[in-house]
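Engineer: Questions regarding the structure given below will be posed in turn.
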Amino acid sequence: MPAPLSRRRLLQAAGTTAAATAVGPLAAGSPAAGSPAHGATPAPVRPDVGTLAFPFDLGRVRLTASRWLDNQNRTLNYLRFVDVDRLLYNFRANHRLSTGGAAATGGWEAPDFPFRSHVQGHFLTAWAQAYAATGDTVCRDKALYMVAELAKCQANNGAAGFGAGYLCGYPESDFDALESGAPVNGNVPYYTVHKTLAGLLEVWRLLGSARARDVLLALADWVDRRTGRLSTARMQAVLETEFGGMNAVLTDLGRQTGDARWRAVAQRFDHAAVFDPLAANQDRLAGLHANTQVPKWIGAVRAYKATGTTRYRDIAANAWNMCVGAHTYAIGGNSQAEHFRAPNAIAAHLANDTCESCNTVNMLALTRELFTLTPDRAELFDFYEQAWLNHMTGQQNPADPHGHVTYFTPLRPGGRRGVGPAWGGGTWSTDYTTFWCCQGTGLEMHTRLMDSVYFHDGGTTLTVNLFVPSVLTWAARGITVTQTTSYPVSDTTTLRITGDAGGTWALRVRIPGWTDGAVVGVNGVAQDITATPGTYATVERAWASGDTVTVRLPMRTVVRPAPDNPNVGAVTHGPVVLSGDYGDTALSSLPSLDVGSVRRTGSAALAFTATADGAAVDLGPFHDAHGHNYTVYWNTGGLASVRIANAVGGLVLGIQDMSTADGGRALLWTDSGTADHDWELVPDAGGTHRLRNVHSGKVLGVLDMSTADGAAVLQWSDNGTADHRWTLQDLGDGTCTIRNAHSGKLLAVRNGSPAVGAFVVQDADDGTADNRWRVLR
Ligand SMILES: [Zn+2]
């Protein structure tokens, strides 16, 4: 950043919120777009472009007893408790109004904190969502009171010496400084304006408040005047300072009002230095402040939906692919010391300040946006579940009745949740002395936990993306869906369909990429439908009220290696990351896990034991790892590598061109000592092994999970599919067969060729010599 001393170095933290992104496909008055159960939502004037899936309004999905409902209730306790007059202190003081005797707040809302008045917008959003989701009138009334008081602040701008519409907790001169290229040390002015705009938009949308609309439009008008007079070059320089999701919220304002002017203002916040490489699909994220970027990506997908300009869609989709594919830890979070590191640098950055939670809240919002464009892409919600369950559920302290949160989620060995930035105490958030970014986004997250469980297509198809105890009221069709499950403790969920269920329609269920052998049943009868991992299974039938769908997603316990070090990995069981419980013991390095020793100790809970560093250790779901030191990553190395020689000519198994890419072909080669000839036999379920290439870190699998004779054998990321498991059977003569657990075929050589470079395939168990191998230890 150009500032002589950036707020990052000064404060060691900050972040942003998700943009207001709820979408409805249909025109005003349509029951499907309808109003939430507890508010009057003005329908957006402009429909979105390219949207194929639509969430339900918050009031239509109700959480029932579960960890998620507990989280929601703790956050509701805090939202109901907090003193609005204290939250108004900085606004009133800055706009020259009486603070009414309210005590000032602390942390990032202290009266001398550079970007004070960022958190109030988060509260507005959270209160509005809480009312929409649960009908909590205390939250509604707090939101409306704050908006009324903010209107008074805005109305006093003449006396305060500010331009019309201005609304901040610090002087307008901070924007003069920003525009002159010398921002006030530590301030990120448009970051705070974004929060306020987004909060006001939600109060307008979810509570139907005309006053919120008017305050919002006045502040947005101020933004237009302020930015409209800057040259493009000057505006791009302004964008070097973190600005949250200004592009997103202004685009959404255009959607809500139908006024094209707001898209034009939003476009001024297109940050070329970030967007251009993303449009070209170049990963230049390393070194960037992570959460400064994610809201811009959300703004890009919102801009696509507003304009149909595919460059915006590509920016967002490419950013998602890069972030999830190369910058994300096993728990679904990203960043270390708030910054992106080199692509795939994961094991190299297992620190105390990993995974700022704002980033994940925003990645979830981005994921949801992309899903509505490409609802067949199951990997989107595989990631959503991974991050939502392992990172965000555990962000909140279950021992705190106000649901306070951790800012970072440490991934160093011996880490413990409850790590905040120094300004604000350094541990858990508090009622009045922290007010960090992650606290604000946490309030938003935990009042919309239900918003992505179900989607519809605007017609008759219903999609189930998450497995959470909940009740969906599909008002447009008069259907109620009641989901009952103890998932992920159990691998099964039940969906009971009641109401006007009659007629033929389709129920789509996400079949996660990590499962194997998923079964979908209706009224106790297994359905003859495709349930391939990493896709959606569709049950289309003539339904009747009372029909019950069961979805079983078998879970396996596997090690997920870090992309930069195949000897470091996290243990997962289905979607759940398991962590080791080390009590109060400090760890100086990653424990060495005996991978084959991991055992589940009962079916009533996700309780496991294993041996690490020669001692027994208990493992449990990471989202429940509170109040003790843990390790998420383990040293899983120590497996002796082997070479695998074909019985025919003695050539060894290697990878074509020593590729490290997914899809690199397995072939035979002279035993020349290159590292791609070394393999680790990683123990897996049922006595099977994965064959992990020491050079690439990838594991051996079959092209497209084929079950056909002659199908190519190749290396792939260790993503847990069944074709990655092999059974070695000793034939007693120094050779063995290597049988694929998915296809039942044997590892073999194409046409039985003994030649250097012959491709390795799977083949029928026909007794030919090329089906036999020697493991050279
Ligand atoms: Zn944050």
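In case you wondered, yes, glycine gets a Cβ from its N, Cα and C as well.
Per TrEMBL, domain 'Non-reducing end beta-L-arabinofuranosidase-like GH127 catalytic' is recorded for 61-449. Residues or ranges marked as domain 'Non-reducing end beta-L-arabinofuranosidase-like GH127 middle' by TrEMBL: 461-555. Marked as domain 'Ricin B lectin' by TrEMBL: 639-716, 724-775.
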Engineer: Where among 61-449, 639-716, 724-775 do we find the most Cβ pairs under 8 Å to the domain 'Non-reducing end beta-L-arabinofuranosidase-like GH127 middle' (461-555)?
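Structural biologist: It is 61-449, which has the most Cβ pairs under 8 Å.
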Engineer: Which residue counts does DSSP yield for the domain 'Ricin B lectin' (639-716) in the helix, strand and coil classes, in that order?
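Structural biologist: Secondary-structure breakdown of the domain 'Ricin B lectin' (639-716): 12 helix, 34 strand, 32 coil.
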Engineer: Using DSSP, how many residues in the domain 'Ricin B lectin' (724-775) fall into helix, strand and coil?
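Structural biologist: Output for the domain 'Ricin B lectin' (724-775) reads 7 helix, 22 strand, 23 coil.
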Engineer: In this predicted model, what is the average pLDDT of the domain 'Non-reducing end beta-L-arabinofuranosidase-like GH127 middle' (461-555)?
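Structural biologist: Looking only at the domain 'Non-reducing end beta-L-arabinofuranosidase-like GH127 middle' (461-555), pLDDT averages out to 97.
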Engineer: Within the domain 'Non-reducing end beta-L-arabinofuranosidase-like GH127 middle' (461-555), count helix residues (DSSP H, G, I), strand residues (E, B) and coil residues, in that order.
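Structural biologist: In the domain 'Non-reducing end beta-L-arabinofuranosidase-like GH127 middle' (461-555), the DSSP-based counts are 0 helix, 53 strand, 42 coil.
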